[in-house]
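Here TrEMBL flags 31-117 as domain 'Pyrroline-5-carboxylate reductase catalytic N-terminal'. For 217-239, 259-282, 303-324, 359-385, 397-415, 430-453, the entry in TrEMBL reads transmembrane segment. Here TrEMBL flags 260-404 as domain 'Ferric oxidoreductase'.
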Amino acid sequence: MTGQERSEEKSECVSLSPMMEAVPAPPQSERVCVFGTGDLGRSLGLRLLQAGYGVVFGSRRPHSSSSLLPHGAQVLGHAAASQSAHLIFIAVQREHYDFLVPLANQLKGKVLVDLSNNLKKNQYPEANAEYLQSLVPGAEVVKGFNTLSAWSLQNGPSDANRQVYICGESVEAKQAVIAVATKLGFSALDQGFLSVARELEDFPLQLFPQWRLPLRISIGLSAAFFFYLLIRYVIYAYVTQGEDISFRIMVSLANQVCPIVSLIMLSLCYLPGVLASFLQLYRGTKYRRFPNWLDRWMLCRKQLGLLSLGFAFLHVLYTLIIPIRYSVMFWVTEHTVSLIRENRTTMFDTTTAWHDDSYLSLGILGFGLYVLLGITSLPSVINALSWREFSFVQSKLGHLTLLLCTAHTYLYGWNRFLSSSTYKWYTPPGYMLCLVLPSVVLLLKLLLITPCVDRTITRIRQGWERGADQRNPKDSQPLIP
């Protein structure tokens, strides 16, 4: 959202309708004021009206306002509007704060909620909210609602982020803003004093901060396996047999890279939890912080899982188009014609049929659970689940998904693991390499769910410490009954 869209000075104005003028004024205690008739100001005013508040817009042209202003709101001059409410939302950009200086006396004791953001970090020497406080020293400035867009305000908290971050010097002023945010259906989080305003203003400027590491991992894995498989298949065939199969790069090679990266990233999603459990076992307590690298890894597990699901989707799509590829149809036709010319038939192989059906069935089941994990990671679904339900889906079904996808890959290899022709230039195929990490994760998880180990981890997570038994022998309990 640009400053032009959020600024009052950039808004077009039309005459106020008689119906809007005839709306009775609400009680003073339920009335709020909005300075700014841009997209954000109008959307905020609409949400306030829907929540039962009386809304007064402050405009430098009180006799004409935007045709998009919500019905039921009053429009007054800045001076009159500032006197009509104790809580005032400043929905204009910093460069237009000058009109507030002549109103400093009238705004004394008022609560001013600064909604502004900047175009880039460190654009000004101080935060916008701090600058606003310096212009109107007698008012109580609160930074808040700046992380919400006009779209999210229009659609409500059910379709947008529920969290509203606020900060300010006055506890009473922040409580008033929290009350409004709660009535609008948002969850207000008090971040402290006004000095935190710069950090809040930087939130909307961040571009996928939690996605950077997962994206780098996915890009790195994709590039590494692409070139590895390119050498093993395309270049190997050209060097040893003089055959040009470069056309396979677009589909066949991509269809090998996607499942490999998907399985590795799904393993990376569950590996940090396993490492954290073993670390707690080693330390004998949960009251020590994990290393920073493990903390960061655990915080991006959701993004790793969603990217893994994306690669799985690509694998499914690439697989579905295999029958309509020219090279496949040509080979099937040639093979059929060859059998007819030679008057040959092929016998039905039950073992191969069992292998193919089992391989495909495990892949379908694994992908189905994959999709379920992705759905339950949506904020709207998370809010509808209890912690036990969410933990069951993401942990229990998540490890089952990893198991099914790993078994799917093992069945894909089938009897090729022991075939010497599989190891071109003495290198293993990509699917063999991608099986290492998920196999390790599953083996470690198998150790953790054994009764004796699981019971110890459960006690540690409930607050038990290994050294506490020696300090308090009366409270100690045997690990194994």
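Glycine is no exception: its Cβ is also placed from the backbone N, Cα and C atoms.
Highest Cβ contact count with the transmembrane segment (359-385) among the listed stretches 217-239, 259-282, 303-324, 397-415, 430-453 falls to 397-415 (criterion: pairs under 8 Å). Across all of the domain 'Ferric oxidoreductase' (260-404), the predicted model scores a mean pLDDT of 92.
Here the transmembrane segment (259-282) has long-range neighbours at 214, 217-218, 221-222, 225, 290, 294, 297-298, 301, 304-305, 307-309, 311-312, 315, 370, 395, 398-399, 401-402, 405-406, 409, 430-431, 433-435, 437-438, 440-441, 444-445, 448, 453, 456-457, 460-461, meaning same-chain residues at least 6 beyond its ends whose C-beta is under 8 angstroms from one of its own.
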